[in-house]
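Features reported for this protein in TrEMBL:
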| type | residues | note |
| --- | --- | --- |
| DOMAIN | 1-139 | domain 'YrdC-like' |
| BINDING | 49, 75, 83, 135, 193 | ATP binding site |
| BINDING | 53, 73, 113 | L-threonine binding site |
| REGION | 232-263 | region 'Disordered' |
| COMPBIAS | 241-263 | compositional bias 'Low complexity' |
């Protein structure tokens, strides 16, 4: 079926794509191919490339089998909203807009597929082109690097070998103005995966020369609640800390701040607001904010993301947590930052989109 979608010049598949499809299909890897005249433009948004994946879920595979044709399907959610991981998420979001929902159970990974461009999305592709991850997902960078080693051999001189591709992640290892102006894959919008309430990232800091000048989690949350509608579009998507100014400021500015001057106005806040806290376990951040001996001026709705060392659990729970905390009436959702390794890279990327590129907040614990 795959060969029927491709231009004749791309059949059979290249050595690279043959390896990737044999290794990662069916599964959570989407590959970019050159589009064909056989494909309706509505399925490719009139772009020169098409993203193709073979899913591993038996219900999806059965649907493709009985349809007898390839399926073009966006994720089952309103544009910009968190992706659904259960059938009831789809029903709540799209009730009355779709005629049928196939319930295949909870999503195994919890995040969308990895989208990979190996330089074969055009007729002018060349051997050794870098592998560009346009969207991190269920297939990790580490797994793709293993595939590079399998295809090209492990080499200490890989950094200077022009025939050996590097695995690069969009927005971290490379930028592409053309891609940003006309994204070639879903999820590349700067703000995406966003519930109907503000989302903020908290980064606990236990060891720092500047720690005493950092706000406590309580101070940071109160400040952000007070300013939750203020635009932060001018902030770069790097971590920041809070000082005497209630708005996030660059971490380097903390040298002139003092914790004693930190102030928050509560005049605009609802009485004892409910906030969502998505945290790892165990976590000094959640321990501070859920300590019964230290009552807070807001109610904490806790949602654990699993052990910090197991980001695959956080991936499974991330979108469900955003949707559930919104559903129970939280004024805002605060998410503890995790590790940027393995599928944790994809978790961090989704969080960055959920907060609209706003800077995270470093807090002392």
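Positions of Cβ are set from backbone N, Cα and C atoms, glycine also.
Automatic, uncurated: that is what TrEMBL annotation is.
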For residue 75 (ATP binding site), the number of other Cβ atoms found within 10 Å of its own Cβ: 15
Number of Cβ atoms other than its own within 10 Å, given for residue 193 (ATP binding site): 25
Pairwise CA distance, residue 83 (ATP binding site) versus residue 53 (L-threonine binding site), rounded so that it is a whole Å: 18
Inter-residue Cα distance where the pair is residue 135 (ATP binding site) and residue 53 (L-threonine binding site), in Å: 14
Near-site residues: L-threonine, ref 53, 73, 113, CB cutoff 8 A to centroid: 30, 51, 55, 112
Greatest C-beta neighbour count within 10 angstroms, which of the binding-site residues 49, 113: 113
Chain-internal residues, separated by at least six, CB under 8 A from residue 73 (L-threonine binding site): none
Residue 75 (ATP binding site) to residue 113 (L-threonine binding site) - Cα separation in whole Å: 11
Residue, out of the binding-site residues 53, 135, whose Cβ gathers the largest set of other Cβ atoms within 10 Å: 135
Residue 113 (L-threonine binding site) to residue 193 (ATP binding site) - Cα separation in whole Å: 14
